[in-house]
Amino acid sequence: MRPPVEVSVFLLSLLAPGVLYTMNNIPALQEPLPILGMGMVVLGSVLLLLLLTVQDKMKVDPLFYVFAEFSFTCMVGLTNALEQDGFISGFMGFYLKMGEPHLSTAYAVMMSYWEGVVHFVLFLTIIHRMCRGKSYRSLGLLWAGSSIAHQIVLIPGVVIGKYGSNIRPAFWRNVPFFLVPFWAASLLFSRPREMLIVPADKIAAEQKKGLLSRLVDLLLSLLLVGAMAFSVFRGLVVLDCPLDACFTYIYQYEPYLKDPVGFPRVMMLVYLFYAVPLLTVLIYGLKTPGCSWMLDWTIFFAGAMAQTQWCHIGASLHSRTPFTYRVPADKWWPVIALNVLLAAAPALLALRCHTNPAYFMKPIPKGQTNNEKKKN
């Protein structure tokens, strides 16, 4: 009797540390090109094993292979994080030297923890629901936002930062991991969302309310405006704005923004040019009834901001960040509080949209009950 598919994926993922340990002890596999080649062989072998695992067992969604393959790489990330923090040893030395040296940075360590814990749990949960015919669209969008945000900071950060002059062939294995989440997100957005039906009279009643009479939405709007202002300000800071406020902030509050690794600079620019416009659109969605797209984009954005802020906050405090770039002890509370609020605002918005979606839905015929479902 075969184990459940999600158990098979979990067990397969646990092979990752063994592969790393073996390569770390075979000198012939520790050169730049062999590292890239072995990486491709291992990922190809994992895909083959997945094909053999699920054949004739279920109708396979193509995204299953994405989530299962990425589960394997999550264990690679967790192994890296644990080794960099001194909990284990003997797994990643060869890869940091001849593969991707930037993985030893504080930002990459926090990114690896996120991959190895949050993404891994998401993947197993999605696969579990997928195998039982349950909806996983929202969880998939949460992962897609997180993964895309991860890659659009990581890759440019390596290229423009201090590791840009030491890029090895193994770095380019990030290209498919950059492209696949975009493809997966496009598939997920194109699929119908499943949601509880709300009677037309309740939808009409909710949508007649102005923003000032919806206290929660008003507070969320103010929180999002604050997030926009903070993102614009820090974008100006990393662009070397000569204002005294910018100078004071980068030297007395968040010196991590000038860390030469490049990741914080790229992240602030991503916020400035991508997060700020999206925040503007989300505020519009809170003000305008019937914006059903809010139910998807709030989840996607919450995943993106949670991932980036986890990495940013953790790296700015981590011992692998040089002391001069860490958050000063006397400014710890205001800086961390602002950064936590920046991560919390999109999460709270997504929670509000999904606990009471009536304001964002299009009116439906009367007579349908709350227990029915519809495809929107």
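Backbone N, Cα and C atoms are what each Cβ position is placed from, and that goes for glycine too.
Here is what TrEMBL records for this protein:
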- 32-51: transmembrane segment (TRANSMEM)
- 60-185: domain 'EXPERA' (DOMAIN)
- 63-82: transmembrane segment (TRANSMEM)
- 102-127: transmembrane segment (TRANSMEM)
- 139-159: transmembrane segment (TRANSMEM)
- 171-190: transmembrane segment (TRANSMEM)
- 211-233: transmembrane segment (TRANSMEM)
- 216-350: domain 'EXPERA' (DOMAIN)
- 266-286: transmembrane segment (TRANSMEM)
- 293-312: transmembrane segment (TRANSMEM)
- 332-351: transmembrane segment (TRANSMEM)
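Note: the domain 'EXPERA' (60-185) comprises 103 helix, 0 strand, 23 coil (DSSP; helix = H, G, I, strand = E, B).
Against the transmembrane segment (139-159), stretch 102-127 shows more Cβ pairs under 8 Å than any other of 63-82, 102-127, 211-233. A Cβ distance under 8 Å defines the sequence-distant neighbours of the transmembrane segment (332-351), meaning residues of its chain 6+ beyond its ends; these are 220, 223-224, 226-227, 230-231, 253-254, 282, 286, 298-299, 301-302, 304-306, 309-310, 312-313, 316-317. Here the domain 'EXPERA' (216-350) is broken down by DSSP into helix, strand and coil counts: 110 helix, 0 strand, 25 coil. Below 8 angstroms of C-beta separation, residues 9-10, 12-17, 20, 43, 46-47, 50, 54, 88, 91-92, 95, 103, 108-113, 115-117, 119-120, 123-124, 126-127, 130, 140, 143, 147, 177, 180, 184, 187-188 of the same chain, each at least six residues beyond the ends of the transmembrane segment (63-82), sit close to that stretch. Beyond the ends of the transmembrane segment (171-190), by six or more residues, the same chain brings 36, 39-40, 62-63, 66, 70, 73, 99-100, 137, 140-141, 143-145, 147-148, 151-152, 154-155, 158, 296, 300 to within a C-beta distance below 8 angstroms of the stretch. Among residues of the same chain six or more beyond the transmembrane segment (266-286), those with a C-beta under 8 A of the stretch's C-beta atoms are 149, 152-153, 156-157, 160-161, 211, 217, 220-221, 224-225, 227-228, 231-232, 234-239, 257, 293-294, 297-298, 301, 304-305, 308, 311-312, 346, 349, 360. Looking just at the domain 'EXPERA' (60-185), the mean pLDDT is 94.
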